[in-house]
Amino acid sequence: MNFPIAAESSLPQRKAEHLQLCLEAGVESPEVTTGLERYRFQHCALPNLSLQALDLGTQFLGRSLGAPLLISSMTGGTETAQRINCRLAIAAQKYRLAMGVGSQRVMLRQPETTPTFDVRDLAPDILLLANLGAVQLNYGVTPAEAQQLVDRLGADALILHLNPLQECIQAEGDTDFRGLLGRIGELCAALSVPVIVKEVGNGLSAMVAAQLLSAGVAALDVAGAGGTSWSRVEGQRAVDPLLRRLGDRFGDWGIPTAESLQQVRQVSATVPLIASGGIRHGLDAAKAIALGADLVGLARPFLVAADQSEEVLDQWITELLAELRIVRFCTDSGDWAALRRPGVLRPC
């Protein structure tokens, strides 16, 4: 798939291309995996539990959730994105899941796109996360504008995404990251809501996690390697043959999700931590929780289901929750903390 983009492709057009590629093209990391397949749960043949009585609920950033699941930030800015976001928001409200929207920078440049992000009326009770590329703080976006995005969405927190590799491959990429940590710290101090920092599929290292926490970031999302590769997404968008080759070459770049999760958890035992990146079902989500995650983010599975229909999305979430419930039951884990007991999750 090839898009005839120019160096200054419009943001809505770029978002439409991203969405189409993630739905239709082969943009997964070709060889690297999440690393979660290297772990197996110890089966308990005599659980002292009732399957139906298990409570999947949890707390994150002071909010109650029906399950430790995040509909990860994906899209906005187009009519198709609006349809998908609305379906996701309705599902998030029904199942009490957290939800993030796609990058809102387009709202600053083209306010007419704002309705494509507006989901609060459909989901008044959910943990809703605004979203902005962190590097945009180096390109003129001010703390006041970030606060404006939060307020317009009615968000409970702001996600800043770090995507240096994607920016390298993107024809329109913003690649001046100098001094960005300081600007993130300034934003954390100025904003009225907590700041979450995430990668976009290449993982956070222990060193970067420590730097971000020292800057005042409230929570982290490792977004490790093993799922959608934004290097491949941008490579497939590109017309320039060099960018297309670079996109493929770096398709497996990054820290696998399981490794990134453990690195970050070693930095802080208490930081609210989200695991995402290549998690495609409840069994892997449960493994991520056992390895130290408080919340698990999934993007592409929600996107594919929501693009089909509300019914398909509903069926998929029901299956996801059933998988989490069965893991808890068959490991004799009465709560999520029990899933982290020594010996419950073992290396294969």
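Cβ coordinates are placed from backbone N, Cα and C, and glycine is handled just like the others.
Swiss-Prot lists Ser72, Ser73, Met74, Thr75, Asn131, Lys198, Thr228, Gly278, Ile279, Arg280, Ala299, Arg300 as FMN-binding residues, and of the candidates Ser50, Ser103, Ser333 the one it assigns to that same site is Ser103. For the pair Ser72 (FMN binding site) and Ser103 (substrate binding site), the Cα-Cα distance reads 11 Å. Ranking the binding-site residues Arg14, Arg280, Arg300 by how many Cβ atoms sit within 10 Å of each one's Cβ puts Arg14 at the top. Counting other Cβ atoms within 10 Å of each Cβ, the lowest count among the binding-site residues Ser72, Ser103, Gln104, Gln166 belongs to Gln166. Within 10 Å of the Cβ of Arg105 (substrate binding site) there are 20 other Cβ atoms, across all protein chains. Distance from the CA of Glu167 (Mg(2+) binding site) to the CA of Gln104 (substrate binding site) is 16 Å. Here the C-alpha separation of Ser103 (substrate binding site) and Glu167 (Mg(2+) binding site) works out to 14 Å. Listed in sequence order, the residues of the same chain lying 6 or more apart from Gly278 (FMN binding site) and placing their CB within less than 8 Å of its CB are Glu28, Ser29, Thr33, Thr34, Leu36, Gly201, Gly224, Ala225, Gly226, Gly227, Thr228, Thr257, Asp284.
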